[in-house]
Structure formats: structure tokens, C-alpha cells
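Enquirer: Dropping the structure in here first, questions after.
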Amino acid sequence: MVITMPRGTQDILPEESKKWQYIEEKLRKISDSFCYEEIRTPMFESTELFSRGVGDTTDIVQKEMYTFMDKGNRSITLRPEGTAGTVRSYIENKLFAKTIQPQKLYYVGPMFRYERKQKGRYRQFVQYGVEVIGEESPKIDAEVISLAYNIYKSFGIENIKVSINSLGNPEERQAYNEALVKHFEPRINEFCEDCNNRLYKNPMRILDCKVDAEHELIKNAPKLLEYLGEESKQYFAEVLRHLDALGVKYEVDHNLVRGLDYYTHTAFEIMIDNPEVELKTLCGGGRYNGLIKLLDGPEDKKGIGFALSIERLLLALESENIELPIDDTIDAFVVAMGEKAGDAGVKLTNDLRLAGYKVQSDYFDKKMKAQMKLADRYNAKFSIIIGDSELENGQYVVKDMKTYDQENVEFDNIVKYLEEKLKGEK
Ligand code: HAM
């Protein structure tokens, strides 16, 4: 029987991987403009990093981790997200001692979650994420959110919505959680099993329940905003003010709680704003002021970040009918006829490749017509023809595959000629 790929994974075949390369390159460029530097952390970490960092009561830790014992009897987990590993690395490598603070980091790489497969939800998916760790300022929160927002805009994705909330500091959240327990406890039997489990461990997650979203108790639940102190409210107002200044359109959503435990203060998500698309969340993030200390780093260091998956970015592009400008041409196809010219063709192909051009030729001594057909299939911009007479007078015939114009080009001038013709395209 043919072996198939594991459920929830996908092969990205060449045509598709061109899109991925385009997207990744663009993400790196934008990160660079915003002065974020790349960090690469391992794809697996000690399980404890996630149970402590992401939180024991979260769906990720309870249901979705790929965890196994390695041969040295250590519990290892394939990373389900990038924040915990980045913060671990920040602490372990003492990035807090660097002269530039906060550290502005980004990553692109596969994450693993054992989730139910559906459109836009995979068991292996690629996240691009950023983390700003060190000092705290509302300007940083606004920069991070505007970076996420502008990533979608830069791809031409217009129908998006930023939802934003403040989760306050840990004490405020605690008071709020207590109010929620009081609110839901008397009628918790009307809720799903997950909500029942969450009631005492993580009541805020009930607000986020997909099953019971329409329940009146969710709709009229106490609002977190009412539990925020003056300082938290002030901080949030400042973040919103900076977002206004940066031209980011957002909606304050007091029910936005996010699925990971480490968030404090600013939390946000970016959604597709199109009723026909079922899976809406493209990107999520927020501030995590307690996480550095929780992972035994310096107490005064704070962080904020977000992550998006490339799979869902592609979905958003699809939902807006946006074609990426993928270049599927090659610079030249070398057409050679006859044994001697065939050898010269192999050498020319190699020389042009080493000079940086994208060049292909035929491997099987095909007839001229078949080679020209191949040049077309490869979408060659030029074909360079060598036969016996060309060898004799030291000139190639170069044909522009769009206009069919032909020119004779001296052997020694071919690189220069291509350089001239392809100027502005590279
Ligand atoms: P998250 O909300 O769990 O947050 O995931 C962020 C994004 O990853 C989601 O909005 C979605 O685009 C994508 N994503 C998550 N699961 C899947 C999946 N199974 N298949 C495809 N895409 C998926 C985090 O991971 C946090 N670490 C974000 C963060 C960074 N917060 C602060 N810094």
C-alpha cells in the first residue's frame, strides 16, 4: 500500500512553494524594515517549558502537544508555538544584558499541534512571529500591532479587522476570574464539558467557547474592563491612541481572551472580515509581562509579540482573489544541435548559470523543434541557439521568445548581452 502523509500535514509542491518563498521573503523584508532580527530556536524543547510557559489549563497543553520520552528518558515536546522557546532563549543566552533593549526578534518555522483537521488548521503549520522583550511601552504595543496589520495590507489584503482588548495585570485578572466563577457557577450545567472543566481553572476561557457562544450568560457576563485599575486603563488608552496615529483600524472587544495563559494587558487578534469565510482568525498576540519571570528570568523584563501562520495568510489571499506576482520564467534556454554544438551547449549553460542566470538546456539531443518547445514550456525569455555554423563563426543566435526577434551575438559577448537585455528585471 502507498504510504500517505500523516493527517494534518501537507506537501508543498514546487508550484506552491514558490508562493511560500515569496511570502517568507516579504516577511523577512518587512521585519528588517521594522528592525527585528531573526532568532532560530529548536523545534523541540523540554515539555516543562510549555506546561509552565503556555499554561497547564490551556487546550494546547492539555490536548494538543506532541510529547514523547526520548531515549535518555527526558520528556520532549515538539514546539506548539514560538513564544515560550524565544523567551527561554532570551533568558538562557542573557539577551537581557545586551546594550540594545528591548530585543526585537522574529522567527519563521514549523509548529506542531494535535488539532482536529479543517481548512486552515494543520497539525504542522508554519508560524511567523515576533517578540519584543525587555522594556515596556505603549508605543511598543502599537508598533507590534501595526506590524501585524501592515503585513496583511502589504499583500493587498484589505478586508481585515483588528480586535483588541486589555486583560489587565494578574491581580485584576484574578478579581475578574472570581467574578466570572460567581456568574457562571449556578448554571454551569447548561454549558459544555470543556466549560465545566474551565470553571475553576480558567473561567475566562468560557467566554471564548465556540459551543456555547450564544448562551445568554456569556453575552451578559461581567466585562473585564470594569475590573481594570486606573493604570491599566491608562496604558490601554495610550496603546489605542498610538494605533490611531499609525492609522491602524481596530475594534475593542471585551470578550477577547486568547487561548494561552501568559497574556497580560494588551491582547489582540486579526480576523478576516468576510462573512463567507468560516475560519476567521489570521493572527494573534499580546503582552506577556509575567512570562520572563515565570521562566526564571529577570523580574523587570516584559514582552509582547504575535504570531501568524503562512497557511492562513494564503487562505486570506485566496479569499480576496489575490494572485502573488510569482516569476515562473527562466532567463534562457540553450538550444544545441549536433554533437559538437551539444558539448558547447552544456558548457554555455554551465557558464551562464555560474554567472547568475537561470538557464536550462536539453539533456537528450532532441530535435530543434522539440528543444524550442521545451524552451517555451520553461517560459524562457531567450533561447540561445548553437549549431555547426554558429560554432564556425563564433556567434550564437539569440531569440527573444516574446517578440521572436533574432540577433547574432559573439560568443564572448553573451553574458554582457543578457545582462543588458535583462536589466531592471533582476
Ligand atoms: P496562537 O493564537 O495560538 O498564538 O496562534 C497564532 C496564529 O497561528 C493563529 O492566529 C493562526 O494564524 C496560527 N495557527 C495556530 N494554530 C494553527 C493551526 N493548527 N494551523 C494553522 N495555523 C495555526 C500563539 O501561538 C502565540 N505564541 C502568539 C504570540 C506571540 N503571542 C505573543 N507572542
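One is the number of the first residue shown, and numbering goes on along the chain from there.
Including glycine, each Cβ sits where the backbone N, Cα and C put it.
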Enquirer: Among Arg74, Arg113, Arg116, which residue shares the L-histidine site with Glu81, Gly82, Thr83, Gln127, Glu131, Arg258, Tyr262, Tyr263 according to TrEMBL?
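Expert: As annotated by TrEMBL, Glu81, Gly82, Thr83, Gln127, Glu131, Arg258, Tyr262, Tyr263 share the L-histidine site with Arg113, chosen from Arg74, Arg113, Arg116.
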Enquirer: If you count other CB atoms within 10 A of each CB, which of Thr83, Gln127 wins among these binding-site residues?
Expert: Thr83
Enquirer: Just to confirm my parser: what is the rounded mean pLDDT across the domain 'Aminoacyl-transfer RNA synthetases class-II family profile' (21-325)?
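Expert: Mean per-residue confidence for the domain 'Aminoacyl-transfer RNA synthetases class-II family profile' (21-325): 94 out of 100.
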